[in-house]
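Notes follow the structure.
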């Protein structure tokens, strides 16, 4: 059965059906559907109703200078949940669009490598959006009311623009002006990604202002788990949307299917709008709560913390973490686009099911991250050891990517699982370390770290999308595997550099503790001998010791 993927001959081979005059080297093209599934105007009524409710609420806020939800702890949690939710929603959409982007490119007469441009161009636009977002805020002169209104406007606009994008894809699904549609799609989606990236720095800086430094590593672990959860849920959501659209009929045109994915994107943006409108306060909470969750683990394990290092050590950790975020997203982006591409084009999976590799790869990382975080909090293991060990696991996973002639999709997915599992543990620690190593009023401040991190992630993911599909397209699985191995080795070297100052601090603390214990024992022993050896300290030296007589 062929839906949006590859059809099979009776002998089980791939049928290569080219839909353009520019064939892709080394890989066949899938069979694509032609049916267009329209949506009625009644679909837009819930969106319009919700926008009106938001307008009425903001009228209330303008007059009262406060939101209806006045419970401060819940407002604080809303600020923390916003960043977590954006990670979940963003990666969910990524997991839905990456498999479909390949078929979309083929339906518009483009190559597999060009499909990487479709994804990557949006990430470059995200860099510009991140820079704009940084220019709009000042962490030292924070304007909470302004930030809140900017977030509300952006999420409202994105929900509206996603609906417009859906209409564009559906109304042009059968048009023959494929080149024009292709470049309009790239330009429009890049514009949306530019605007969607503006809240990034705002939300993260807001998160740092309401989260105690001692709890940031815990929240970055939660954030990493939410991103992995998004990659896990995304294929399931895509399957649900596709089943609702196809309804047992003929295969659907990829452009029409992309229109329905945009409808789903509009729903996610409405949920972001809900948090911004009804959860984020007009003024920051007056004081941060005490951090209780992290301190116990450091006391139990004797572990060094980034904020305990001197400025030189903090800068080393800071810049190594920035470098880490240049390398690791490149690895993961290449895994995402290349794994789905190889499953579809080399092993005969269709676009609906190739995305399920994320559902297989990501849950293991979530479970392991939770287990390791529990062990860290209990003082059983230390963050630097977990961080470096996670990078070593990713290096070992690269060995399964190589194909000596009989490797199939199982080893491909197993390799992706090991790399993703390592990333799930390492990313949360790295994010927390960078945030805690940052120091306000210096050249390695908090806002600068968040900006550099987002820029590094965007550039790395752009490069990974293009390089991943290019290497598979023109070099095959083994060339792609060698590329991943080099990246993971570089990541392990960077992780070692970040851990060294913390390991040195731990050794210093252990040696200091040992010295204190020795001095205490010496003092204890000396105090027991003072009557015998130090008669000058006695009120009656002549009677201090029988040895003196």
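Glycine is no exception: its Cβ is also placed from the backbone N, Cα and C atoms.
Automated prediction, rather than curation, is the source of TrEMBL annotations.
Cross-referencing 1-26, 183-208 with TrEMBL places the feature transmembrane segment at 183-208. Range annotated as transmembrane segment by TrEMBL, chosen from 285-306, 307-328, 329-350, 351-372: 351-372. Record note: among 384-402, 441-459, 460-478, 384-402 is the stretch given as transmembrane segment by TrEMBL.
Just going by CB pairs under 8 A, the stretch in 43-61, 82-102, 183-208, 257-280 that sits most against the transmembrane segment (114-137) is 183-208. Within the chain carrying the transmembrane segment (351-372), a Cβ under 8 angstroms from the stretch's Cβ atoms is held by residues 3-5, 30, 95-96, 98-100, 102-103, 221, 224-225, 228-229, 231-232, 234-236, 238-239, 242, 254, 336, 339-340, 343-344, 381, 386, 412-413, 416-417, 420-425, 428, all 6 or more beyond its ends. Annotation: stretch 183-208 has the most Cβ pairs under 8 Å to the transmembrane segment (149-171), among 43-61, 183-208, 384-402.
With Cβ pairs under 8 Å as the measure, the transmembrane segment (43-61) is packed most heavily against 257-280, out of 82-102, 183-208, 257-280, 384-402.
For the transmembrane segment (82-102), the most Cβ-contacting stretch among 183-208, 257-280, 384-402 is 257-280 (pairs under 8 Å).
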